[in-house]
Amino acid sequence: MTSIDNRPLPFIYQFTAGAIAGVSELLVMYPLDVVKTRMQLQVTTKGHPAVVAAKAAVDHYTGVMDCLTKIVKKEGFSHLYKGITSPILMEAPKRAIKFSGNDTFQTFYKKIFPTPNGEMTQKIAIYSGASAGAVEAFVVAPFELVKIRLQDVNSQFKTPIEVVKNSVVKGGVLSLFNGLEATIWRHVLWNAGYFGIIFQIRKLLPAAKTSTEKTRNDLIAGAIGGTVGCLLNTPFDVVKSRIQRSSGPLRKYNWSLPSVLLVYREEGFKALYKGFAPKVMRLAPGGGLLLVVFTNVMDFFREVKYGKKQ
């Protein structure tokens, strides 16, 4: 029976483990991210039935499988991975902030909200996750903008460099941070839900005494945490996608809250959860996969640094 190994490791090990976990999850789940973006950018049409039918016939996606099938048939299998270069490049800093940043903020909030023996509480878990999410947003926003513009079905861009050049020429370097405010909302809410729920679920599950039991708990907690995170942040993810797709001085979608209200008024409440199914299908199991890979890579690094635990 293998006991759980919690020996501490320096930041560089956490950084590397987070990057490996993030890229592993990305390679497996990325097609669902493309589907999510396509569905979020799809505007619900209102008006005369004939007009609605005509517009719906043009690349209208009715669900996850319908979208996957149409992308493969019309554009080719490779388009399920369109825009993946940008998220791969941002995975290392993104995951480093998500995990090590969360740990750093936990230490900070434990000083503000002292607990007996420095124990964790759900409040600290939520605050730490939200704070790490806010910092994370500043890192990922430009990469997200590039990814969204490449994933768009109407995109004329072929490479990330084309997107960057076009954005900088038209709007300057700061235009790469278009949608930053919406990205902050998205990451704050998701991380708060994810880490807050993981903390609570781990308390409810039977205490893990072996590495196998820890993997089981991580899968369950990560999947539930990922689902809750999606429920909280999808409306802001929808408007983020639309804000980042647009360019130029006159844009329909600008700030998050007015954009959420605009989507609600024009398309109804359901439109705020467009792409929810592929998002949950990715981030629920993906959240579990992320924790499992991260934990196992960290255990491997501990063996390399300290030797096998007796």
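Glycine is treated like the rest: Cβ placed from N, Cα and C.
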- Message: If I go by Swiss-Prot, the feature transmembrane segment sits on one of 51-71, 219-239. Which?
- Response: 219-239
- Message: Applying the under-8 angstroms CB criterion, which one of 126-146, 179-199, 219-239 scores highest with the transmembrane segment (281-301)?
- Response: 219-239
